[in-house]
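What follows is a short report on a single structure.
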Amino acid sequence: MKLTTQDIISFKGLTNEDVEKIFSEADKFEKIAKGEKPSELLKGKILGTLFFEPSTRTKLSFKSAIQRLGGSTIGFSRPEVSSVAKGETLADTIRTVEKYCDAIVLRHPQMGSAKLAAEVSKIPILNAGDGAGHHPTQTLLDLYSIRKNFGSIRDLQIGLLGDLKYGRTVHSLAYAASRFENKLYVISPEGLEMPNEIVNDLKNKGREIIESYDLKEVLPKLDVLYVTRIQKERFSDASEYNKVKDSYKINLELLESAKSNMRVLHPLPRIDEIEPEVDSSKYAKYFDQVFNGVVVRMALLSLLM
Amino acid sequence: MKLTTQDIISFKGLTNEDVEKIFSEADKFEKIAKGEKPSELLKGKILGTLFFEPSTRTKLSFKSAIQRLGGSTIGFSRPEVSSVAKGETLADTIRTVEKYCDAIVLRHPQMGSAKLAAEVSKIPILNAGDGAGHHPTQTLLDLYSIRKNFGSIRDLQIGLLGDLKYGRTVHSLAYAASRFENKLYVISPEGLEMPNEIVNDLKNKGREIIESYDLKEVLPKLDVLYVTRIQKERFSDASEYNKVKDSYKINLELLESAKSNMRVLHPLPRIDEIEPEVDSSKYAKYFDQVFNGVVVRMALLSLLM
Amino acid sequence: MKLTTQDIISFKGLTNEDVEKIFSEADKFEKIAKGEKPSELLKGKILGTLFFEPSTRTKLSFKSAIQRLGGSTIGFSRPEVSSVAKGETLADTIRTVEKYCDAIVLRHPQMGSAKLAAEVSKIPILNAGDGAGHHPTQTLLDLYSIRKNFGSIRDLQIGLLGDLKYGRTVHSLAYAASRFENKLYVISPEGLEMPNEIVNDLKNKGREIIESYDLKEVLPKLDVLYVTRIQKERFSDASEYNKVKDSYKINLELLESAKSNMRVLHPLPRIDEIEPEVDSSKYAKYFDQVFNGVVVRMALLSLLM
């Protein structure tokens, strides 16, 4: 069982069959990911974790994934201490590090860096974020979390909430979720709407996407509400921010109007866009989503390494 | 064989039976801790090491402990690169990281943080220091070192030397050691005495504690001398410091008046409060104490994970 | 099969028989180093990696080596977060860390530090660079790379190119390579020549060493060209640098005059002293050299631990 690609650069680079394969594989790893039984599947294998900018959560998730499968990691999380500081090119860093390991997870501030790395590398490259570019393992875990809660990633009403203008995560998820016949609701304050080119591109592809400023109105229709943070810094003046912020906060009162099996997801970290009182409700699935990130990454590593 | 608690927050939270269990368990791990035989006891298990402030020694000791038992670690040692920097609460960090591992060692500058972490966590929390609060694995290894040298942790004459006012380590050890019918001598310069509330609290509990400024006088009575550093910065003027510092320095000449089986311990790092000439004497047990820290932590991990 | 030393402090401290033993051992680890089969040779063993100054490449190489053999690492790469920051001596750090592991790789800015560490340590010390002192595993991997390309480390014409005045790597390699009846050509710009005391010392030992400023003239004679970087900062004025830099750049046109089985090595990172067009030519062996560093270090660890 192989994927159609040896590198995971973007969600777009995966076929629907690839996605289904990854998810079926992920299902098998639940017990191992919980530490309930040890695995030797990737014994002796080494994953390189090259983080040219910090991303603790993603790094820990990948480390947990490979270690649960009996493998280990090498890497760095501070470019200033690596040869990069001496002026080495990314291509040379990759050609060097590939001699130490069997696959590389790359986080790099520059768009296109993961693709470049894959071009020079003989071992699989997994993109863990390349600037404003892609972060496909996040999209995969988001989608897998939907599948785990609904048994399917098709024919659902999915709301994307928050800063839809700058959020790479929601752009990728919009493309990914709509590929599987879901209906999208994109809900944001004025000025932070999902970019027109994305909305139009999706519509041209014949996908269902509805734009809204009104969470209260849309909420009762949703199966999934994917919440992201609205950063104060995005607004030109504070009064604009204060006007809108409370309309996009999730609390138990608001959730009364949701379907009983509606589920809330969030890429985390969460600041104050979801009230802590929601955490223990049936709606909250954002911490389980963290765990899903581990099994999805285990699936990718087991398929690629 | 289980402890009465799933978290190690303070020494106080352990019963005497817990302590005995941990020590008996630790005895079993000597060969494994020395790398003389491999263990698979915690194979597939992952320990999260969350160090919100640096503590290299404690971190390396915990890493050695889990790795000797066949497990591995994930974690960070710089909060500035974690989601914390984005404003995430400690509770959310714990709820996230617990999805990646099977137990968490937490070092955090804020008193009470370990207790808070244990309240939200589904997996065991081991407090590796919470500001001016507790550092129970240090106390356990100190006590275990005494046991290893005397075959018992009871009915000994134990001297605590140095800065007894600010030293969290000696406060915990005073409570812990006196719980096992030992007689305590607390020896410090003026101004750095063991706080009155601790001395009185111990006396009220019926424990034996004797205060002194004169190491030379007390030394011949002692079975154990636990040395800690006196920091120059604690004195209002340098002349005060210079007056006292030499009375609290351990050298071979001073040790001539000690019992032949007296043992010197120190939490390390040592600066100049023990002369290097002492290191190779029969009295010096502070580097063995480092090793004891590993087996004690192996015992804790094996009992909790 | 043992070495004549328990520590690897300098190449000079190894006999020719030691070197041959290390290389024979390294040959065995090729498949394991490529992740093609797992090994349990050092299962349960821990390597301490104490990097008092950054050296990502060396650290990753050692980590890969021990992990490929089933062992693991503990360590630090920033002295400021260790007990050293509190004023601990290197001797005390070593006596502490040796309780956590089975061998220590030490990188330290001070010349002689590795020797000092070996004097106090009960476990093997591997010097990974001590300031202007030695870096013996680099020399071993350089020599092993020559052996791998020519089946022998004897009777070859070896050119050392670049900054030969300040380069620790080329000084060590000059001594090491000439010990095995090779003929050395030392090629540098004026002002960056191999130091006279080294050249004279080698000549007095009866070894063949030829000095040159003219790469073009020497190149056709060489079996090996070992390239190092010429740093602009070494020149008093920029015009001096600009005058020479192009005469020491390796490109395909230049290589037309080389023997067909001539091989180019480089300790990396490479900046612009070798043109990227050379990378895919038969001459380029500098990335394979990185891999050789892993098997050589595996050999050392397996012989010492």
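Yeah, the Cβs are placed from backbone N, Cα and C, and that goes for glycine too.
Same-site candidate for carbamoyl phosphate binding, as annotated by TrEMBL with B:Arg57, B:Thr58, B:His135, B:Gln138, B:Leu268, B:Pro269, chosen from B:Arg95, B:Arg107, B:Arg179, B:Arg234: B:Arg107. According to DSSP, the domain 'Aspartate/ornithine carbamoyltransferase carbamoyl-P binding' (B:7-147) comprises 67 helix, 24 strand, 50 coil. Remark: secondary structure over the domain 'Aspartate/ornithine carbamoyltransferase Asp/Orn-binding' (B:155-303) totals 66 helix, 24 strand, 59 coil, with classes taken from DSSP.
Here carbamoyl phosphate is bound by B:Arg57, B:Thr58, B:Arg107, B:His135, B:Gln138, B:Leu268, B:Pro269 per the record. The longest Cα to Cα distance in that group is 18 Å. Of all the binding-site residues listed here (B:Arg57, B:Lys86, B:His135, B:Arg168, B:Arg229), the one with the fewest other CB atoms within 10 A of its own CB is B:Lys86.
A count of other CB atoms within 10 A of each Cβ picks out B:Arg107 as the most crowded of the binding-site residues B:Thr58, B:Arg107, B:Gln138, B:Pro269. Between the farthest pair of Cα atoms in the L-aspartate binding residues (B:Lys86, B:Arg168, B:Arg229), the distance is 37 Å. Within 10 Å of the C-beta of B:Leu268 (carbamoyl phosphate binding site) there are 23 other C-beta atoms, taking all protein chains into account. Calculated from their C-alpha atoms, the gap between B:His135 (carbamoyl phosphate binding site) and B:Arg168 (L-aspartate binding site) amounts to 8 Å. Here the CA atom of B:Gln138 (carbamoyl phosphate binding site) lies 10 Å from the CA atom of B:Arg168 (L-aspartate binding site). You'll find the Cα of B:Arg229 (L-aspartate binding site) roughly 16 Å from the Cα of B:Gln138 (carbamoyl phosphate binding site).
Calculated from their C-alpha atoms, the gap between B:Leu268 (carbamoyl phosphate binding site) and B:Lys86 (L-aspartate binding site) amounts to 34 Å.
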